[in-house]
Amino acid sequence: MGNLEPVWSGPSARGRTCRELAGATRVAGKPRLLVIERDSHLGSSPREQLAQCYEIVTARTMARALVLLRDQEFDGVYVDTAQLTAVRWAGVLIQAEEILDAIADGVAIVDPDLRVIWANPEFHSLADQAVETIGGKFYRALGNPEVIGPDPCPFTSAVASKTPASTVLRIGANRYLRVTVTPVFDSSQSLTQLIALTRDITDETQQQLKVNAIHKAGDELADLTPEELSELGVEERTDLLKYNITRHMKDLLGLDFIEIRLLDRATGMLIPLLTEGMTPSAANRELFARKENNGVTGFVAATGQSYLCPDTTHDPLYLEGAAGARSSLTVPLIYHGTVIGTLNVENARSNAFDERDRQFLEIYARNVASALNTLDLLQAEKFSAATASVEAISRELAIPLDDILNDATTVLDRYAGHDDDIIARLRHLLVRAREIRSLIHKVGSSIAPEPKRSTPRPAPRLSSARLLVVDADESIRKSAHHLLGSHGAIVETARDAHEAIALARQTPYAAALVDIRLPDLDGFETYRRLREVQPGVPIILMTGFGWDPAHSIVKARQEGLQTVLYKPFRADRLMEAVEQALRPSNPTAAQNPPPPPQQSTPLPPPLPLDSQADALDSSPPKATVHDS
């Protein structure tokens, strides 16, 4: 731009001759003069006088004047005294041109019709190079971008609110600009120009879009429909998760070498879950959550801090994962503040990862940890549902199965020494009837395997202990199945003494719980007969408070009775009594008693079933076991 001094106003020009005005420019030939008329009009005399000495270029608005000053060279500017304020503003803008040219943001001055009247070099670089910027519409100059928001029309909003308004524009597929529009008003509050500050935010926008995509991908990791939940087993759901992780790593992060290990808290071992692109030796390597001698993966699992390895050839912690890898990035899988595993990615180039990649991978790792926890919860929920179903079925079948066992053993006891074929069939019936319970639990475990635990489940308190419960009250027998069976015991029940003795002849028991009031024999007689059949079995007598007409408990204590349960009894008291009876220090305890001896003295024949039913109906009501 040419020398803009002096800036002449009307009165100063009227008092000087054309020669004086021409001399003031110190320019040979006929100099160019920009005359800003705006709302007032020069008289014919001053214009003619100036035209004698200058090449006159007229601008009726300050915006037009700025465009002319930007694109053309002038030796002077003539402004009427009524417009000196605008001239001073224009002068400040012109003097600040170097600053505007130097800033990194694009600056454009737009007239009320949204035409660009001035722009700095950065805005020109952002604009469509195939379109003329100055004089063209603002959006056209930028290549008619798509308005992303939040403000669909920042120019209108800025004018209406008289405050700056911003929005984001998208140019093409992957370029983003943020535009902030500030309106400029004159003293009469009329809009004169709008200043559009334009910044290229492609990098930060793409980063945010990538973060959003990672979050979305993470949300989809364990997002299964009800149909998929019902159709997919545990291994299939895990395989689907591994497939989704591999796909996201390749599509979103461009990674091909991936390793995920899960922490076994009981042993500290890092168990491989996914080893995509790793060498066989790396995939099968035993690693533990330790800071030393377990590579980067062990260090990250032990510290809970991510680890960036820019050059694997110079890193003392790195152990070979992918063949030829030259850089790696390992982040912990953390759920609720606890490290549950590690996620490791590798690349064949040195310095392939930076802090931004670390941020992306840490975000995705949180989603992976959450997805793994969700799968564990689904597995646990399915296991709990299957367990509840198995227990419900077992409870309903417990008493009918006991009836089958009792009837079969009673018949077997009567036919002993007679028909060998019937004896064999009855023994087979007993075996198959007892198998039904274990088959129910086996089917339940195949439907929903028990989830893996960070700490091993403690062994059941009564694991595999075969217990005999003798009581005429069906509710007591059911409660015994539920309470003792839930702690691992194998419970079989009998309705009277003869059924109990017949069972004891065929099967060794770890302990027996006997009610002192049975339809056929009293408590002491039942106690004595069971001890004859199985001398080593611990026996617990059960009774209601203060009701022992035959003095069974007193007599049994004289014969070695150790434990008495008073009904109604609590579940914890029942467990305590049974555990005490099974304790090895108990001289009568025997987890694996010897086979029962043959009957030495004949028993009186058992009551017919009808008589037993009558006896049950005439007996006083029995207490039930309270599960509390």
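In case you wondered, yes, glycine gets a Cβ from its N, Cα and C as well.
The compositional bias 'Pro residues' feature in TrEMBL is assigned to 592-608. As annotated by TrEMBL, compositional bias 'Low complexity' applies to 609-621. Among the features that TrEMBL reports, domain 'PAC' is placed at 161-213. Annotation source TrEMBL lists domain 'Response regulatory' at 466-582. Marked as 4-aspartylphosphate by TrEMBL: Asp515. As annotated by TrEMBL, region 'Disordered' applies to 583-628.
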Helix, strand and coil residues within the domain 'Response regulatory' (466-582) as assigned by DSSP: 52 helix, 29 strand, 36 coil
Three-state composition of the domain 'PAC' (161-213), taking helix and strand from DSSP: 13 helix, 28 strand, 12 coil
Mean of the pLDDT scores, which run from 0 to 100, over the domain 'Response regulatory' (466-582): 86
